[in-house]
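Data block below; observations after.
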């Protein structure tokens, strides 16, 4: 009795699977370019992480190069590189997230208080400009300001009779420079989302608060800020996932690949990998760092997603 | 009673006025901070070299000259070549990428598409885990053989998980009943997508299109990785990078214009090249800004 019932259910199931496939043939075909694209550019390179465990030889290729186990990783740990890279990448990202969010929320709230529609539009447009330029130009602009001989900052200092600062040989100043540049480039763009959240607040809530005698400050403190919290939390959790990923263009164009005086404070995982590959041709070392970044980063993302699920299940990524 | 209500009104006004003043000051200052660097770049490109050496970069052009632009124009083939590469790349990449992203995004949000979660995860997973730069470099150079090929700067940027998710979230806001009623009328899925969905998704197309166009216009990373000096024309931003970081680029074009080495306006030529390489994308932006802000809002807030 059990068997036929079972088999009929199975055949029904497989038939439904077939009809599922047939009915969604077009939609599946529509996804095909994306499936192939990500297979080629993202999935094929994944097994290549194996390079981290070999002493890569160009003439032999990845899988015939001699296997060396963990010695690449050992080297990175002993030389202190792995610690320095992790520290820099993580600290920079935390600074970007915290300072960035504060500035973005501040811009959104203050922009909302500006009654002159046209002024608001013009300033918002201009604040988005830096988001539209390449990091090459950002690097050039930073150089405009920091250059020892003709730089804008040193120019001002000289006019006031102060000593010029040699930015490019003073690593301790760079965390501030890099964070400021990143905020400059991204804050206008980042504030758009917060600003939209504010404009979406039901005007009745604010009106009734104002009728009850709430001051503008109280309106911001007790209505707007709490309503921005979910947006902030979501963006925070998203960026948490990328905490081990650095912004290569930013660091590379600001610092360059030769200024080793600054590396102690400015080297991140991406710039190290790039240098190992393009300047030193050390494929295995570069791969070992990438491997560490991918695996460790994967755990962080999984953790972040677990957090999202706890806080706001609707926003979970998977 | 009356006094206290007056008091609260006064209190409300003062905090409102203070915040308004702070708002105008802060927003104005930040806007200026976003604007002034651009003005300095433009202004320096019009300032004579001797003035820059003496007084540094300028906010207003002093000793106004178009010498730097003249020098660029005297030997324009590399700049024009870069323009052609970048414009073609931007046009092709944006058009093709946008179509593929829209198609994928539409399919992935169709509630009656049984594989939507599997494929979404397949795409999303690539942001969680990657092979890193080395295998990617070997793939492009050894497997796909795209070294020194313009396809190396076109193909990898066609799609990104983030843009597909953005598109998918936007497409979700188009009611499924529209698709359903078109189906009843006998339209196929692809026809529905092209004839009905695409025209309705203009803000999303404008947003994702602008992201793609920006990416292609500002592309220099893949170019730096995969285009060696044997390639005649590099994209604009790599051209700018070379001009800024390698002095001989400027010397060469000055030599072509018979300018003696001591008269080469190094600094103003860097800035003039930056103006030439950046200008167009910033000029396009105000026209799509309306869609752009709407698009990121819809796509991003809904995560």
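Cβ coordinates are placed from backbone N, Cα and C, and glycine is handled just like the others.
Taken from TrEMBL as is:
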type: DOMAIN; residues: A:86-302; note: domain 'ABC transmembrane type-1'
type: TRANSMEM; residues: A:27-53; note: transmembrane segment
type: TRANSMEM; residues: A:90-111; note: transmembrane segment
type: TRANSMEM; residues: A:132-153; note: transmembrane segment
type: TRANSMEM; residues: A:173-201; note: transmembrane segment
type: TRANSMEM; residues: A:222-244; note: transmembrane segment
type: TRANSMEM; residues: A:283-308; note: transmembrane segment
*Sequence gap of 6 or more, Cβ distance under 8 Å, 3 or more pairs: do the transmembrane segment (A:283-308) and the transmembrane segment (A:90-111) meet that?*
no
_Stretch with greatest number of CB pairs under 8 Å, the transmembrane segment (A:90-111) reference, A:27-53, A:173-201, A:222-244 candidates_ = A:173-201
*Quickly jot the same-chain residues contacting the transmembrane segment (A:222-244) by Cβ under 8 Å, restricted to those at least six beyond its ends, or write none.*
86, 89-90, 93-94, 96-97, 101, 105, 108-109, 112, 193-194, 197-198, 201, 205-206, 209, 214, 269, 293, 296-297, 300-301, 304-305, 307-308, 311-312, 315
